[in-house]
Amino acid sequence: MPPTEESKPVDPAQEKQAAEALASLKEAQQPAADESGSEDEGADGTAQEAGSGSTKKKNKKKSKKKNKDKSASTESSAEVGLTEALAQADPKSALSGLTPKQIQEFIDLNPALANELLAASGSSGTTDVMEAFKKLKIQDIITGLASSGKNRKDMASYKFWATQPVPQFDEKPAIFEEGPLKIQKVEDIPDEPIPLNLAPFRWVTMDLTDEKQMQEVEKLLYGHFVEDDEAMFRFKYSTSILKWSLMSPGWRKEWHVGIRSGDTLCAFIAAVPTEIRVRDKVIQGSEVNFLCIHKKLRGKRLAPVLIKEITRRINREGIWQAIYTGGIVLPRPVSTCRYYHRALNWQKLYEVGFSPCPSNSKPAFQVRKYALPEQTSTKGLRELQVKDLDAVHSLLERYLKRFDLTPVFNREETEHWLLHKKDSYAEQVIYSYVVEDASGKITDFFSFYLLESTVIRHPKHNSIRAAYMFYYATETAFTEPFDKGALTKRLNDLMADALILAKRHNFDVFNALSLMDNALFLEKQKFGPGDGQLHYYLFNYKANPIHGGVDKKNRLDEDNLSGVGFVMV
């Protein structure tokens, strides 16, 4: 579930800068559109006719006013705005209108693109790189893009993704029949690993049942997987959470793939098997995660070979589809959700620089704002037990059918993902609770999991304990006729108790995405928007877009709830 960067609550000042950058980009496009005398689509979605010079000036002023209004807004994000602006603009006018500074910003946001431009230009000179940039297609520029300098990870270049069975940006967005993009046979898949052709690197299969090898993976991820843009926080994937996420039912040792240089583990990628439901079709697939390359090796283009090798190993098992997520724009997201954060220990989050204090407020007020009751209020609320699993499995199965993109769990998987087993893990990772009514029926459940972040070089605090919203379900969703108001109230009651329980277990912040029915309770429970996005991708499967729970302005959309019901760790 975490993106490939540490999402944090939005700083209003940064949001304003992002909006201004978007406005600047749109203004840069305007003169070229005016000079061409062609029709241009206005901000209100209607075509504006290019008329006389005076009309052009009037339209230009109108455009500037709209851009000014946008720059004052704190609702847009750089990633959504810039990619949308580029994708919808006329390619020639959009690229020719960019200043050298704006081009450099795009290159800085996209390490894979930078490598391709250097190779294409045959020179490290700035002018040559700029000219190579202007020759690209819009979709090539978008591929690998990340907002605000985040995700400085090489997730493979646009040239690589153009060769893969994934939907491309330049395909028409019309409604189409969903299904596999490429049909293959196991006998056509090579037995041997993808050639590395890079001495002294070699492929290895990591045995995560071996404590030493597990610690190697943990160390690599800690140092090189996720870090926020300012290098203030770093995700700390413990042995317990790695066992939980990478050794789920049906896991295969061969799907834990590493690259060594000598004895040093310098790259890793993993997958676990999962059934994926896309609307009315169930796919035998895999969940790919933890693509990590040592920072010093990011220029070696190891990402494409890691992706090819994990794909080869999965294909050898007769599995052809996969689901994966990331904060980077790749061809082509089936859905995009936004991160939201709810402070549980606001004072600590403020001290470490995670939560900003609004300019019109004071720390003492923020502490009061996020204070929680000591006791939960839902009658019959208790921890999940083994005896509850059949009922919870049935409830979750029915609840997930309300969404378009979900996992399909069997009883064993439900137990693995939701039940804490004290004898299996050194620390508790998953926290699950049920509501039992007077008759003994399980009517609701919710869950969240632990992912700790190290606070780098802070004199007082060394870690942040973050709770991530996992799966939940309630019988209230199945009342006839459907009562959205009742569902909203029930979810708010449950999530208010989830916050209290997380606080009781010494969590500092509660994180959630805009997926499932979360839009019904996030703002009401004082979750604030984060600066992180999570894009959902399907490999070798073409699916129509699925709503991510936010509108075009990147705000929660209570009227059109998310179709995503897949929570990835």
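Every residue, even glycine, has its Cβ placed from backbone N, Cα and C.
Look at Swiss-Prot and you will find VAL569 tagged as active site, proton acceptor, backed by similarity to another entry. DSSP assigns VAL569 (active site, proton acceptor) to coil in the three-state reduction, placing it in neither a helix nor a strand.
In the shown protein chains, 21 other C-beta atoms lie within 10 A of the C-beta of PHE160 (tetradecanoyl-CoA binding site). Taken from Swiss-Prot, the feature tetradecanoyl-CoA binding site applies to TYR158, LYS159, PHE160, TRP161, LEU291, CYS292, ILE293, GLY299, LYS300, ARG301, LEU302, ALA303, supported by similarity to another entry.
Residues annotated as compositional bias 'Basic and acidic residues' in Swiss-Prot: 1-18.
Among the features that Swiss-Prot reports, compositional bias 'Basic residues' is placed at 55-68.
Per Swiss-Prot, region 'Disordered' is recorded for 1-82.
Taking Cβ-Cβ distances under 8 Å and a sequence gap of 6 or more within the same chain, the neighbours of LYS300 (tetradecanoyl-CoA binding site) are LEU198, ILE293. Cβ neighbour count for ILE293 (tetradecanoyl-CoA binding site) (all protein chains, 10 Å cutoff from its Cβ): 24.
For the recorded site, ILE293 (tetradecanoyl-CoA binding site), the DSSP three-state label reads strand.
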